[in-house]
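Just below is one structure, and these are the notes that go with it.
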Amino acid sequence: MNPKLPYVLLVGAAVIIFILSCMLLSRGGRSPSCESQPNVVEKTGSVSQSLVFADLTPEEMSQVVRYLQGHLGVPLVDASRAKPSDNCIASVDLQVPAKAEVLRFLDAGGARPPREALAVLYFGNQAEPNITEYVVGPLPTPAYHRDVTVQRYGGKVPYHRRPTLGSEYEQLRVFLEKKAFTAAPTFMQEVLEYDRTSVAFQTTVPHGFQSGDRVTWFVLFQNVSGFFVHPVGLEVLVDHSSLDISRWAVSRVFYNGQYYRDMAQLESAYVQGRISVEKVRKVPWDGDFSSMKPRAPPAALFPVQFEPQGPRYSVRKNHVLFQAWSFAFGMSVSTGLRLFDIRHKGERVAYELSVQEALSVYGSNCPGGMSTRYMDGSFGLGRYTSPLVPGVDCPYLATYVDTHALSDSLRPKKRKASLCIFEQNLGSPLRRHYSNLQSLYYGGLVNSALVIRSIATVGNYDYVWDFIFYQSGAIEGKVQATGYPSSSFLHGDGLRYGNRLWEHALGTIHTNFVNYKVDLDVGGVKNSLVAHDMAFEMTRAPWSPEQQIERPRLTKKVLDTEDQAAFRLQSKMPRYIYFAANSKNKWGHQRGYRIQITSFAGDHIPEASSMERAISWARYQLAVTRRKEEEPTSTSIYNQNDPWTPTVTFADFINNETITNEDLVAWITAGFLHIPHSEDIPNTVTVGNSVGFLLRPYNYYDLDPSIYSHDGVFFTSEQDFTACEINPLACLPKTASCLPNFPPFTYDGFRNM
């Protein structure tokens, strides 16, 4: 036996023991994984009831399509390849049941309302082309359909009002490439270096100047990332009013400040040297200055929020439960995110909260920019809801929900992770007080709220839509605007209409307005509208009559009629305006929910404008009307393409009806002015571009309901505030020292484009 062998074995054993000890020590020092706790207990019935508001499933959408194909007696072409002269299904969405039926079902044990769909059809292949809306039901096995167009709009909807299908835009692109641009080959090649893939288009709306028009300016940009800020100076007006594509024609051409009859005249002028050419430097595909690729390398990771014991909310189908809150959610193809049956502590405070419209009015010295008035609901705030990126668009560990839509196609499309729900610690106290007078204590409550969010990308703009639920019983509706600024080619007196963003890019001035429907049911369906404010009164000091005191006093007024409750944008509105219940709190005050608006809106458009009535909802920062089933929305998707004869005119809702002790709806408008500036390059930030409203309890409770929150903190100078049973914050090293389970990053935003 080798005498050195025992020593070798001892050394080897020592090394193994050392390695094992290190492994055990390192494992012992590692924080355990966070484990979810069964924090949320939910009644099965509430989930089942919320399904009355649930979006159509893909199977239901397909059933509606098959039913219509088999029961209308006319050929239906897939909208994705339909010509204007074809019949097609433009969209299929949920037909929300009448409120009275729903409340009988939810509150009185009545029958569940039949599940129905609303289908919008374009009939181009008829003697009198028109748009028709059908209610189809009952789902999931349709057996009937009824034409509701006349009932909803007072008559057939003219065909020229139809929102433009993707197939029509594609046909217009082909027309420009094969007919319009071929009339100016030298100009297109030498000035724009055109090769059929080098340009991108942005279209304008409305299509013309009067009812029946369907003429559109196409603004040309370099086809690069962030093309919206790369104008090349050429804009083409196309008349596509005919249902026969072969009859489409160029009506006018604009280049670098000059107008031409058509592309042939532009070509002739160029060849003869009669054009002032402003050649734009060609940028790489990534857009150069418009690229959103970070200019800095990765560094320390930004803060990430996690839930040490799992989510404190539940999402089951379309029903959300968070602490004292519950609600149902859905996604309309045209108007986007909407909530129903919003309850706090089991009592309904609102029947519906929904986005209605997003409006932008542009200015420019180029024809495309100066004629643009976007009504984004016509394009589809729900249709263009985009997939969300975990960790940026929403917290990484948020709950992500897929949504489905049937629009511009015969098949439903899945939008993966297009809605998110999360609890957010806002990093500030909801309320607090530190007492160093008389008794010594600290009391506070972290401001942790539930957020439901969707983001709609409509052309250049991205709208971040939030509804936020606070522990105090308040609800916030908020929109943040980001995306790219729209631009015109900088020439002449362009700086009267915006700021220069780059060599040839004029960031065009524009307004942003959003409209919400808020159907509050405070302590029941019947409410009144009450205004409280303050006025100074002069009085003599009772203890010193020779002295005068100016003291604030409370003013009160019941707003009896719709006219009294319609507050113009620039008018003075009472600072406390609330829906009042027919019941009182412990202190004898009418229970209420106050409406508080955050807005920086100016004028929407002069009322003398021929198209103003189509956007007349934007006249008012707040208008309260009687709720009517025949007034479900403040506007219509058909208003965009015929604002001169609007299908729905919100101003007509306000007709001085009494609103005392009635079922009421608040229509809220918020907005801001955007003058694009150099910091909008590469694109616009959300900071400072946020507006919305708050709904706050006003004597609704006997005291602040958040006092019952489990998150409260209170300790005195005489208590051991390092003890967990006294101060839950003292337990954080134990309760929050786990490692969150981050799932692998995924994103499906580029599939099935």
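Even glycines carry a Cβ here, placed using N, Cα and C.
Residues or ranges marked as transmembrane segment by TrEMBL: 7-26.
Taken from TrEMBL, the feature domain 'Copper amine oxidase N2-terminal' covers 76-144.
The annotation domain 'Copper amine oxidase N3-terminal' is assigned in TrEMBL to 167-257.
TrEMBL lists 305-707 with the feature domain 'Copper amine oxidase catalytic'.
The Cβ of Asp376 (active site, proton acceptor) has 24 other Cβ atoms within 10 Å, all protein chains considered. According to TrEMBL, the feature active site, proton acceptor maps to Asp376.
Cβ neighbour count for Tyr461 (2',4',5'-topaquinone) (all protein chains, 10 Å cutoff from its Cβ): 23. Annotated 2',4',5'-topaquinone per TrEMBL: Tyr461, in sequence order.
Per TrEMBL, the feature active site, schiff-base intermediate with substrate maps to Tyr461.
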Legend entry - Mean predicted confidence [pLDDT] for the domain 'Copper amine oxidase N3-terminal' (167-257): 97
Inset, instruction - Sorry to bug you, but what's the C-alpha spacing from Tyr461 (2',4',5'-topaquinone) to Asp376 (active site, proton acceptor), rounded to the closest Å? - result: 10
Legend entry - Tally of DSSP helical, extended and coil residues in the domain 'Copper amine oxidase N2-terminal' (76-144): 12 helix, 27 strand, 30 coil
